[in-house]
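Scroll down for the structure; my scribbles are underneath it.
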Amino acid sequence: MDKTSNRQLPVMVIIMLGIMTTFGPLTIDMYVPSLPSVQSDFGTTTSQVQLTLSFAMIGLAIGQFIFGPLSDAYGRKKMALIIISLYVIASLVAVFTTSLSILLVIRLIQGLTGGGAIVIAKASIGDKHKGKTLAKGLASLLVVNGIITIIAPLVGGYALSIANWQAIFLILTIVSLAILIFAFLKMEETRSTELAKLNFSAIFKDFGYLLKKPAFVIPMILQGLTYVMLFSFASAAPFITQKIYDMTPQQFSILFAINGIGLIIMSQLTAFLVEYINRYVLLICLTVIQLIGVVLICFALVLHLPIWVLVIAFFLNVCPVTGIGPLSFTLAMESRTGGSGNASSLLGLFQFILGGMMSPLVGLKGEYSIMPYIIILCITAILIVILEILLKSVILKKTT
């Protein structure tokens, strides 16, 4: 074993790893306010431009699956430097692209490499920290990630107020280049003496075993569906607020940031309440809040109620995601009998792929149509209720 395996990472290194986890909000949240501008510039449909979100989300999922094992085999720092370099190049190419097809490829590359950076950052913490120190280390990553989740859409909105959407990719180029330099100077190689062999066949075999267990599959789907609420909001809200309610990109970025704050508050509140309230009861309570949000969104859009009603509805619908998601994740992880790595990977993979598949569907009828979004919300809500009823029976079986 590496003699330094029990040595905690320096604070500066943890901050750097926290910054690496921000590739998610940088890739998604900073870009979201620009969707209507990108659509107008390319003269394409709402559904087609929403594919730029889908490709990034799917890339984030697959990137975490691919680069986790690769960093086990070839080292954390080496893989991190390679994939962040690719992110820098992809972002720079996006500044000059004049083709939606090329932009879609770039967004996929950004997702893949961003997902890789996220999983390597978390794995690096796991290499050096155990038990409570691991939990604290991961919490530190989430703090940095949460701050960027709030700032990213505001930066994107401001960039659109003084320039075009290409400016967002120029900012991403500069930021990712700074992260690359920071990683080169400060990142430690945490797997230098314990590199593993690649074995994707074993991973898929473990996936097959997990997918046969209802106690794992039901929470996995539940987590994926609650994130559909979040990802469909990210896809639909820019067009609803800017095209139907005449918000500016800057006003929308503030709305997006407010929801980001709500997501952080809900995650912390859930972590506190779970100590005092049964997890299934807490899950039901959060779901009720989310369903109230769905009902309000439907009424607000169909009756064209004032924008403040819609803002409240979005908040109620989106914020419970960071409560329902972790609770579902925990229930799924508790059902496994083997290691946590593959189970965690499968949960993340399903979450982003499902969200990526739903994103373009909300724009099928065009930028002024609300019905696809409403239909997706209602179907998702019904499925969540059914799954939570099934989950109760699974929990009862485990306790009897």
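The backbone N, Cα and C atoms fix where each Cβ goes, glycine too.
Here's what TrEMBL has on this protein:
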- 9-28: transmembrane segment (TRANSMEM)
- 10-395: domain 'Major facilitator superfamily (MFS) profile' (DOMAIN)
- 48-67: transmembrane segment (TRANSMEM)
- 79-96: transmembrane segment (TRANSMEM)
- 102-125: transmembrane segment (TRANSMEM)
- 137-159: transmembrane segment (TRANSMEM)
- 165-185: transmembrane segment (TRANSMEM)
- 215-240: transmembrane segment (TRANSMEM)
- 252-274: transmembrane segment (TRANSMEM)
- 281-302: transmembrane segment (TRANSMEM)
- 308-333: transmembrane segment (TRANSMEM)
- 345-364: transmembrane segment (TRANSMEM)
- 370-391: transmembrane segment (TRANSMEM)
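Between the transmembrane segment (9-28) and the transmembrane segment (345-364), fewer than three CB pairs separated by 6 or more residues in sequence fall under 8 Å, so the two stretches do not touch. Averaged over the domain 'Major facilitator superfamily (MFS) profile' (10-395), the predicted model reaches a pLDDT of 85. At the 8 Å Cβ threshold, with sequence separation of at least 6, the transmembrane segment (48-67) comes into contact with the transmembrane segment (345-364) through 3 or more pairs. Segment contact holds for the transmembrane segment (165-185) and the transmembrane segment (79-96), given three or more CB pairs below 8 angstroms at sequence separation of 6 or more. Same-chain residues lying 6 or more positions outside the transmembrane segment (102-125) and placing a CB less than 8 Å from one of its CB atoms are 9, 14, 17-18, 20-21, 23-24, 26-27, 38, 42, 51-53, 55-68, 70-72, 76, 79-80, 83-84, 86-87, 90-91, 93-94, 134, 137-138, 141, 172, 179, 187-188, 190-191, 352. The stretch from 281-302, 308-333, 345-364 with the most CB pairs below 8 A to the transmembrane segment (215-240) is 345-364. Panel annotation: around the transmembrane segment (281-302), residues 226, 229, 240, 266, 270, 273-274, 309-310, 312-321, 323-324, 327-328, 370, 373-374, 377-378, 381, 384-385, 388, 391 of the same chain, lying at least six beyond its termini, place a Cβ under 8 Å from a Cβ of the stretch.
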